[in-house]
Each structure stands twice: as structure tokens, then as C-alpha cells.
Amino acid sequence: MWLGIQKLNTETFSLLKTARSEDGYVFNVYFIKVASSVINIISDVVSLFICVLIICSKYSQLLKQETMKMILFRKFRVLILMVFLIACSMHIMIDLLPKLERRSNSGCSCSHKPSEDPQNWAKHRARSGAESGWPNKHTLRILQDFSNEPNSNISSQSLEKNPKAGNKTEAFKRLEHYAQNGDKKRRFIQDTVVTKNIPVKGSRLLALFDHPLFKRALPSLTDEDTLFNVNTDIRFDPNAATENQEWHAEGNMEEYTPTGGELTADSYPNWLRFHIGINRYELYSRHNLVIDALLRDLVSQRITSVAMKSGGTQLKLIMTFQNYGQALFKPMKQTREQETPPDFFYFSDFERHNAEIAAFHLDRILDFRRVPPVAGRLLNMTKEIKDMTRDKKLWKTFFISPANNICFYGECSYYCSTEHALCGKPDQIEGSLAAFLPDLALAKRKTWRNPWRRSYHKRKKAEWEVDPDYCEEVKQTPPYDSGTRLLDIMDMTIFDFLMGNMDRHHYETFEKFGNESFIIHLDNGRGFGKHSHDEVSILVPLSQCCRVKKSTHLRLQLLAKEEYQLSGLMSESLLRDKLIPILIQPHLEAMDRRLRHTLNVLADCIEKEGYSNVVEDDLAGKREGAQMHTSPRGR
């Protein structure tokens, strides 16, 4: 015991010597800690002595020595009480010290911030785990919480791609460094090679967009062809768009003022300019610079409010930004390498955030432009989700896992439980952010049941799966008996087959444009689930109807050529996203394989029905093409 006290004195001396170089507060904290330790040792010694006396007391009862009883229970009664009171006081002080220290640190000028305390110990644990190396896991998807995979939920560019422990440790250091630089200086983990601009020379993507098929002009737009008629005399009031939202975080909102003095249409926030540009034929124009600016906003704008989206089978979050824009956040649920097992039903598959990102890029390469802009973003789960939400149901689902990672699960129909929680590494989670379409109060949308909707039943089949002439019934049913709606369904079918998406049960259109409008391709999260299997049943609408737009057919043929090649175009386009790689190489190669299969199906249709009966000429002009399919064609 005496050696222990000497060791304590030595450590105390060195501790006090170090504390003198710090400010007065640090010295006081260390002094209280040392004093409490000394008093605890003294109290333990006295307690030991009391125990000896009590034992002697028991022995004295056997000997019936009344004198010893008097000494034990009269002379030392006050001493026993004082020792226990001192010991209790010291333990209370020790318990209060961490809270007092955090409270005092809020006014210090050091780099340590109190809001980061809950995560620091988790990051330290994660760093120690990274230094020891994470165990290798099989890449087959297991029906359990995706966070069990050691490399599942940090930036794929830094951890999934670098198996060495040293690289993982360096990635966490960079992650901490960027997290401390504030919202304006936040960066994402990526190699310097990725941040370089793609050279103009040799760019397949630029060559594709320079092709005549991607330069066709729209007919002149009237007021009936645009979703909104802009009145420049009306001043933009961002509060009007969000004042009716129940989840609007009034306390977190800051006044948004665009740059410049006079508020014109060009100075509107990018999300509003995107909404204004929607017309009868497209969500956005081919070379619209606003879309690139909006994608940058999705990954850089400060988040001011978070709430769970009602409805749906899996967890999705509505996020509001500082400029009053809104986006739908789908968190990461599985790694890039995981595939959907063959025995797994399509209606209970995970919604993949990288599938949402890849779907936007594929839609633009196909020149459909019917998917709202989507970008990947790495979020701090505490600062940007938990601290920003006023949704108590969401907030109470946050917890710290046994691996010291921040997790939450929210409320939804599927996979919203502790067993399927969304966990960060340690508090960073990646996901997709899809820009919101205009509010339904301003631009109503109509929801349509997909004629080739699946049964969503374990044993039953849909009618189109058992009736080879099902398309003939569809052709006689409005709105598929006139206009371009049936041809748009064929476009959507090709789009889904290239992704492997079996979950297209409904689609939407803008009510203002009636039946003469495009189909909005929403909810693409269940695509890119299997790269080793091509679900040919997705192409049944195309093989049954044998109808396709000429522009779509020519673009598919163009993308099958070696000088363009769909996989190369997708790879180049996805380099622009912050969460690269979005798709692994097998998924890119699967798209080339599925594209060839689609062209083979069309070739069989042309051979059987004739070119003019299969390919609808829409290149004469959008307006003329819209009127060409005026009556159903026979097989």
C-alpha cells in the first residue's frame, strides 16, 4: 500500500507539472482529481481498519469483553460516520467532474467542441479497430443488418476500395479533419484523380451529347406546354413554399438571400429554376447548366430540417436546405458488392442509394430526362440528422451500437428495427439525395397503375404473365389507345430492364399536361440488385407489344457501338458523383449485355411484324410525333 501511495505521489507530481503549462481551469480540474484520489485511498485505508475492528468486535463478543465493545461502538462511532460521509462526497464529485468539464469547455477557445464529444470516443474506437485491420467478409448478401459488414457504410472510395488497414486509418483521419472545417469547407473522401475534370478530348460522354440524336430541338413552347408561367413582377418568397409543412424547422431556418441586388428569375435558387424549366416534353433540357448547379447544391447546401417521409415500405428522410430546397434522402443499406439472393422476393428487396444515383445518370444518357436530379452525399448522422430533426419518432430511434457506431432505424413497414438499423462508421453515413418535384399544391400529379404491374404475391401471377395477348387489351384501354403513352411505357420498360428493376408498380404524370406528356421515372432504388442475372420478364411489355420510338431505337443502337458503349458512358458520368464508385464493374458490364438483349428482342419484332409496324417515327417533331399514335395497331 505504501508503494502504491509513493507511485501516486510520483504521478501526481508529473501531472501537476504538466498542468502548470495550461490555463488555470485545467490546473483546477487536475488538482481536484488528484485530491479526490488521495482522499479515496485514505478512506479505503480507514475502511479497512474499521473492518478489522468489526472483526475484533465479533471476536470480543465471544470473549464477552465489555471494554472492547465500548471502544469500538462509542469512541469510533463519530469517526466511522465521518469516513463514510467523506467517501460518499468524493464519489459524487468524481461523477460530476465530467459534466462540469464539458460545461466549462463550451467557453474555451480550444479546437475541441462540446458538440463533438459524443462522437470522439466512437471515432477513437473506430481508429483502433482500423489499425488492427478489419476481417474479410463474403460478398454474398445476408438478410441481416447491413452494418454488420465492416466496410459497408463509409465512403466507398476510401474504405471499400482500400483493403489495407493503413489506408482505412488514413481515411478516418481525413474524415475527422474535414468534419471539423465547418459546412462551407466540408469535403468528401475521394482520390485526387477523381476531382480532376474529365478531358474534353477522348470523352465519350461529350461525343455522345454532340451527336445529332442529342441535338434535336423542341417545338416552340406555349403557356400550355410549361408547368409554370413565370411572372417576373412577383417577388420570390421562400417562406410561402414551406409555411404549411408540419415538419418545417422554424428555429433552425436562416434567412436566405440570393446574391445580387435585384431579384430576377436568374437569381432564383437552383431548385426553383429546375421547377420552372419543366415542360410537357421533359423534366429538364439536355444541356441545362441549372441541373449541374442543383447537383452541387444537393451535396453542399447546409441541412436545416430533417423528417421521416410518410408512406413507403422503407425508411426515407425529407431534408430541407438553407436555400429552402428539399430533397429525399435514402441511406445506404448494403455494399456495392452485395447481390440480391435468388430466393429473395423483389417486393422485399432493399432500396439501394447507389441505384437511385445510377438511375439518374442512365436516364440522362438514354436522353429520356425523366428522373429528378440525384446526387450522393456523406452525412454526419449526429450533426446533420439527429440534431436537425424535430421528429420525436425519428429522434428516439438513435442509439450507439456495441461497436461504438451511431445508429438509427426510424419507422417504416420493412427493415425499421434494431436488427436492421442504419449505422455509421462511426458517425458518417452515405446516401442519395433526390431533388423534390414541385409541391402538389402548385403542380398536381396523377398516379397511374402500371399495366404490367407484378402481383406482389408469393404464389400468384399477374395477368400479363399468363396471357401472351395481354398487350392487345392494353392497346384498347385509355390512355394507351392514343397518344404516346404506350410508347413511353416501352421506354420505361427498357430503362428498367437495363437496371434490373422489377419494382415498377405505378408511375406519375403532371396533371396539367393531360395524357400528352412524359412519364416520370420515380423510385428506382431496387435497381442494380443482380449483375449476374438478367430478369427477362421485365422486357415482356416490349416483346408482347413490339412497339418502340424511332429515337429510342436509334439511341440504343448508338449506345451498343464500341466508340460509345453504354458501360463506358455510365462509368464516365458516374465519376462526377462524390460517392464513387457508384457501380462496380460487373453491373456496368451487365448493362451492355442487357442492351444487346433488348436490341435482339426488337430485331425479332421487326422480322416478325415489319419495321414500320414496330418502329414509330417520332423524329419528325415532338408535336407531330405526339399525334402519330392515334389508334392501336394490330399485331
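Any Cβ shown, glycine's included, is placed from N, Cα and C.
Features reported for this protein in TrEMBL:
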TRANSMEM  30-55  transmembrane segment
TRANSMEM  76-94  transmembrane segment
REGION    107-135  region 'Disordered'
BINDING   Gln314, Lys330, Glu351, Ala434, Ala435, Phe436, Leu437, Glu508, Asp523  ATP binding site
BINDING   Glu351, Asp523  Mn(2+) binding site
DOMAIN    398-615  domain 'FAM20 C-terminal'
ACT_SITE  Asp503  active site
Among the recorded positions Glu351, Asp503, Asp523, which residue has the fewest other Cβ atoms within 10 Å of its own Cβ?
Asp503
Taking the Cβ of Gln314 (ATP binding site) as the centre, how many other Cβ atoms fall within a 10 Å radius?
21
Cα-Cα distance, maximum over Gln314, Lys330, Glu351, Ala434, Ala435, Phe436, Leu437, Glu508, Asp523, record's ATP binders, Å
20
Looking at the binding-site residues Gln314, Ala435, Leu437, Asp523, which ones sit with their CA no more than 10 Å from the CA of the residue listed as 'active site'?
Asp523
What is the number of other Cβ atoms found within 10 Å of the Cβ of Ala435 (ATP binding site)?
23
10 Å Cβ neighbour count around Leu437 (ATP binding site)?
21
